Amino acid sequence: MSDTRFRFTAHWPAVHPFFGPVDDSHQDPMIVGETLRQASMVLAHAEFGAPADTHFVMYDLTVTTDPSALLLSDAAEPVEVDVVCSEVRRRGRGLHSMRTTMEFRRAGHFVARGTGSTGCTSPLAYRRLRARQLAALDTPVPLLPGISPQVAGRARAEDVVLAPADRPGVWRLRVDTGHPVLFPRPNDHVPGMVLFEAARQAAAAASGLHPFLPRTMTATFDRYAELHSPCWIETDVLDEKPGEVAVRVSGRQDGESVFSATLTSARPTRVRSSS
């Protein structure tokens with residue numbers, strides 16, 4: 001469309017190995033954030049000259065969804081995505097950072113909007129920055145027992161990313177480096193989307209709202225979440241109305257903030273399919 005505006009088509013299948021149905025009617029709103037993340041990296045490579053071995057870091061992510069437009073009955077309908085790239089910063093001929101904003105529509109109807117800021121680091125700079133952590137890449141990460149999948153809002157125990165803690169409204173991040181979707185390759189830190197998922201699961205557990213269908217999700221990432229140190233997920237239920245809840249979630253590690261997020265959810269309303 002232009003040097004900074006693009007359009008593509010996404011397909012969100014009714015069955016997905018991780019972003020599967022959250023109940024008998026709705027697709028997982030978290031697939032919006034994952035689509036934004038993947039598309040941002042593709043655009044960075046294909047349109048803005050980021051080399052194939054670039055390391056990406058997520059600074060922030062905001063997603064607004066209409067859960068009534070995420071029906072399983074509409075899953076076969078392709079999703080049209082309009083993209084605007086802004087705040088593009090260059091380092092020489094390469095890309096330093098940029099923001100991507102995407103609007104998602106299905107059969108012409110609004111589904112979601114998302115925006116996120118991403119930074120790029122060269123392999124050499126990354127090795128200098130993360131030398132100690134890269135040296136420990138082969139050190140096993142103990143897999144903690146998870147909380148109940150039902151409490152976390154998940155169908156499968158292996159997809160739970162929270163472990164019990166000794167305080168109400170607090171959990172420990174559960175890291176499974178063998179998970180085929182969350183850790184598709186060896187990593188020296190916890191990926192940002194794992195933290196985003198931890199925020200969603202913590203919001204569901206703290207609010208008791210099941211299914212927790214995020215209407216809005218905002219997250220800011222302050223530092224890398226390390227694999228070999230406990231990361232504590234803390235929650236605060238900010239507001240409760242009939243059928244709606246807002247939860248603030250924060251992650252802390254070694255006394256420092258890792259991320260902060262706020263999620264709101266409304267109880268799903270039965271609507272007719274647009275198909």
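Yeah, the Cβs are placed from backbone N, Cα and C, and that goes for glycine too.
The domain 'A-factor biosynthesis hotdog' annotation in TrEMBL covers 4-118, 153-265.
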Restricting attention to the domain 'A-factor biosynthesis hotdog' (153-265), give the mean pLDDT.
-> 95
Secondary structure tally of the domain 'A-factor biosynthesis hotdog' (4-118) (DSSP, helix then strand then coil) = 25 helix, 55 strand, 35 coil
